[in-house]
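Remarks on the structure that follows.
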Amino acid sequence: MFAQAPWLLIGLIMAEKLRLLEELEDTWLPYLTPKDDEFYQQWQLKYPKLILREAGSVPETLHQEVQAAFLSLHKHGCLFRDLVRVQGKDVLTPVSRILIGNPATGPEEESEDDPQLEGRDPDIWHVGFKISWDIETPGLAIPLHQGDCYFMLDDLNATHQHCVLAGLPPRFSSTHRVAECSTGTLDYILQRCQLALQNVRDQADNGDVSLKSLEPAVLKQGEEIHNEVEFEWLRQFWFQGNRYKKCTDWWHQPVAQLEELWKKMEFVTNAVLHEVRREGVPTEQRNEIVTAILTSLTTRQNLRREWRARCQSRIARTLPVDQKPECRPHWEKEDASMPLPFELTDIVSELRGLLAEARA
């Protein structure tokens, strides 16, 4: 029996998801409400880790404290319609919201979906549940009356999709999660940056660096971390503009620190490219270096274009000044403080040409 390669397994999973989407086309997924006879049986059989706790079982003091907190956020203008990506398009969330967590815990942007379920009472709020990538098992639309709360136990959030379906009466709604902190925290990304910059021997006054190692694995890891801090942290942060500054400015200092570390990684990439272009480098070594970094640089170029387009989209231009996305980091070609251009098209083409030349 042969072990299955990870990339092959991922390809099979994506193919299966595409097959399901094609099969589904524009039809609605089946779902059940309490009006359906099999609703409670389906809940017990297919969704046993979903627990509903009605308002009366929650202490009245907790209701009062939570409501006071929401009203305070609303009073100070801390609830916003976020700009998120759904099926490749940027849209504003249908509800105003805020993300609150412990300092130094930074989750990634999540897509929003707001399905309109026919058959449910529009006056009543609901929570919709379904098994991820299952178009056969009916989902559930569970009524949520004021003060109700629901719990997703064990790995339910990882294996199921859910959304709150707003009813006609205005209401505050909140989701509380136990953070998975192996990634997505400030400590985590600072450690990743430190790992990438361990390869720097020293840095000159003008920013240029010398490297300890040209091992392909070391260079590849460094460029991957470079992309991680740029696209999963810096651009995610600045895409939300300065809207959260009125609530807290805690993140601005850590983000400034990450920007300095990221800029140093730009000098690392420049040092690697300098080595690739240096005369006398053996062809085999040059090819190994280029192969190690080319994928990350290609990804960087493509994602920079994508993020810039998102920041300049029609819907982004309609937002208030303090909520407009910032394309940051961004710099012009003549910026002497940056070792490399923002646009990497020519560099990527150069590296591809070196590989093609070596194969000829």
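A Cβ is built for glycine as well, from the same backbone N, Cα and C atoms used for every other residue.
Here TrEMBL flags 107-116 as compositional bias 'Acidic residues'. Feature annotation from TrEMBL assigns domain 'Alpha-ketoglutarate-dependent dioxygenase FTO catalytic' to 36-181. Look at TrEMBL and you will find 100-119 tagged as region 'Disordered'. Annotated signal peptide per TrEMBL: 1-15, in sequence order.
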**Study point:** Mean predicted confidence [pLDDT] for the domain 'Alpha-ketoglutarate-dependent dioxygenase FTO catalytic' (36-181)
**Key:** 82
Revision key, fill the gap. Across the domain 'Alpha-ketoglutarate-dependent dioxygenase FTO catalytic' (36-181), DSSP labelling yields 31 helix, 38 strand, 77 coil
